[in-house]
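Here the structure is laid out as structure tokens; the discussion comes afterwards.
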Amino acid sequence: MELNKLTVQNFRNYSNLQLEFSTGINIFLGANAQGKTNLLEAIYVLALTRSHRTSNDKELINWQNQTATVSGSVWRDNYKLPLEITFSKKGKKALVNHLEQAKLSQYVGNLNVVLFAPEDLELVKGSPAIRRNFIDREFGQINPKYLFNATQYRNILRQRNNYLRQLQLQQAHDLVYLDVLTEQLVNYGAHILLARKSLLAKLEKVAHQTQQAITDGQETLTFKYVSAIKLTELADLTAIKTALTNKFASQKNRELQQGTTLVGPHRDDLQFLVNGQNVQSFGSQGQQRTTALAVKLAEIDLMKIETGEYPVLLLDDVLSELDTKRQTHLLKTIQDKVQTFITTPSLSDVARHLIKKPKIFLVEAGKVTEE
Amino acid sequence: MQYPEPITQLIASYMKLPGIGQKSATRLAFYTLGMDEEDVTGFAQALIAAKRDLQFCSICGNITENDPCIICQDTSRDQTTVLVVEQSKDVMSMENTHEYHGLYHVLHGVLSPLNGQGPDDINITSLVTRLQDHSDISEVIVATNANSEGEATAMYLARLLKPAGIKVTRLAHGLAVGSDIDYADEMTLIKAVEGRTEL
């Protein structure tokens with residue numbers, strides 16, 4: 001899918017703006033604090049009805065006005081789909097093909113976007129919980145059964161932790177019920193682990209190729225799934241269930257002492273290895289950034305494999321953090337494949353000549369001109 | 001300015017009902033003032049009767065006027081099957097099918113430690129004693145809701161009752177009767193395929 005037109009009214013620092021995009025790479029070029037990211041935000045909002053920068057929709061409305069409107073037209077398999085979203089003090093209104101949608105969930109999904117912002121570096125640098133959330137969110141988008149199992153798992157985990165706490169404080173005594181909760185957790189946990197195993201293998205394959213491409217074959221990216229059970233040796237659901245059940249049995253006394261669940265996919269982690277070394281501890285800033293980017297880009301390809309369509313890619317301030325070599329390979333990897341929007345304060349000559357017919361927009365104090 | 005005491009009392013009483021706030025309670029209270037005295041007396045008596053004349057059946061736990069309840073007293077019903085439900089309302093739903101002719105047991109809740117309901121807090125002990133006293137009961141159908149708590153309750157009952165040689169069954173998951181496949185959500189469809197039956 002591609003976004004070929006965007007109209008923005010009273011949104012952030014823009015009073016009235018109309019832009020036409022290329023189906024390849026579009027670049028918003030300008031100094032700091034001129035409104036580059038606001039344009040990416042407008043595209044993000046048009047796709048998902050909410051901003052990635054704020055939870056308060058009122059901030060999106062230009063301070064001198066009452067309502068803000070973002071509209072655009074999306075190309076999907078040979079037909080044009082107009083989308084529009086309006087924010088006012090009363091709330092928001094979303095229109096598909098000029099018809100107002102009663103539920104926002106019916107609106108979302110008409111334009112898929114993937115955003116890569118500087119904060120996404122946390123995927124590599126941050127805590128395991130950030131990576132688990134990434135896995136659950138992305139796989140949940142692709143696979144509804146994964147989403148169901150993950151939701152059930154989270155629910156039962158809360159019940160089980162609460163019950164373990166009651167057992168620890170001697171407020172409850174029935175261990176048969178604890179076994180039931182364990183069995184439920186093993187059941188949903190095994191489904192999650194099996195799905196993670198197969199989807200991570202697919203993601204790893206694409207991320208590996210992307211990392212090779214961005215680094216000109218110098219860096220090899222592999223994934224290592226860290227879990228209390230040896231997932232790589234377990235082939236099917238029954239084997240995973242048995243391994244989890246045994247692990248729970250061996251940890252039962254410790255769980256009763258500590259009053260919390262110690263085994264399961266909610267305690268696992270995903271490590272990224274570059275040339276065999278954990279990039280979180282041993283990688284340079286540039287390597288960490290490239291890895292995070294390769295994983296995000298791989299996610300786009302996985303979406304294409306699983307759902308059949310590429311989303312629109314938004315890259316916020318990514319180029320300036322990469323050396324010219326990495327920039328070159330990144331741009332080579334994405335062009336001809338995904339419609340991309342990039343913000344950057346400066347554009348190296350290499351990048352400028354490399355991109356086939358890039359559309360460059362100069363952004364200055366809320367005015368946008370085509371170069 | 002304050003309303004006269006009787007009206008404030010009435011508003012406060014209405015506000016104890018679920019879903020009724022200050023505004024609705026005030027509207028209802030003033031409507032009550034305009035009602036016929038006969039209707040108001042009837043209303044008040046119905047409220048008291050519902051509380052005083054109803055009790056829980058000592059056998060199945062369902063709400064009833066006389067203990068034991070009509071269903072438990074009815075010897076023409078199938079005495080070998082007990083259907084376990086979460087609440088009294090569910091008994092009415094099953095009865096309206098006119099297809100199930102066995103007995104019931106009402107748990108008055110579902111296992112959920114987060115809501116402070118453990119195995120001792122719902123009506124499970126009385127089910128176990130009931131099964132011990134009536135050895136002719138051979139099957140227990142667990143009809144708890146199709147969510148993780150309902151499932152945990154069903155699994156707990158199965159672990160408790162199976163060693164005693166009682167058959168424990170669970171209601172099926174799947175497509176709603178008369179529904180269109182294109183309106184069903186993905187998980188319902190997946191469950192329906194898993195629980196398919198041979199023709």
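Residue numbers in this text run from 1 along the chain shown.
In case you wondered, yes, glycine gets a Cβ from its N, Cα and C as well.
Heads up, TrEMBL stuff is auto-annotated, nobody curated it.
For reference, TrEMBL has these:
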DOMAIN    A:3-344  domain 'RecF/RecN/SMC N-terminal'
BINDING   A:Gly30, A:Ala31, A:Asn32, A:Ala33, A:Gln34, A:Gly35, A:Lys36, A:Thr37  ATP binding site
Which whole-number mean pLDDT does the model give the domain 'RecF/RecN/SMC N-terminal' (A:3-344)? 89
If you draw a 10 Å sphere on the Cβ of A:Thr37 (ATP binding site), how many other Cβ atoms land inside? 21
For A:Lys36 (ATP binding site), what is the secondary structure state per DSSP, taken as helix, strand or coil? helix
Cβ-Cβ distance under 8 Å, sequence separation of 6 or more, same chain as A:Gln34 (ATP binding site); the residues meeting this, in order, are A:Val363, A:Glu364, A:Ala365, A:Gly366
If you count the other CB atoms within 10 A of the CB of A:Asn32 (ATP binding site), including all protein chains displayed, you should get 8
I'd like the Cβ neighbour count for A:Gly35 (ATP binding site), meaning other Cβ atoms within 10 Å of its Cβ, all protein chains included. 22
Tell me the Cβ neighbour count for A:Gly30 (ATP binding site), meaning other Cβ atoms within 10 Å of its Cβ, over all protein chains shown. 21
Under 8 Å by Cβ from A:Lys36 (ATP binding site), same chain, sequence gap 6 or more: A:Phe28, A:Leu29, A:Gly30, A:Thr343, A:Thr344, A:Val363
Would you mind checking how many other C-beta atoms are within 10 angstroms of the C-beta on A:Ala33 (ATP binding site)? 9
Return one of helix, strand or coil for A:Ala31 (ATP binding site), based on DSSP. coil
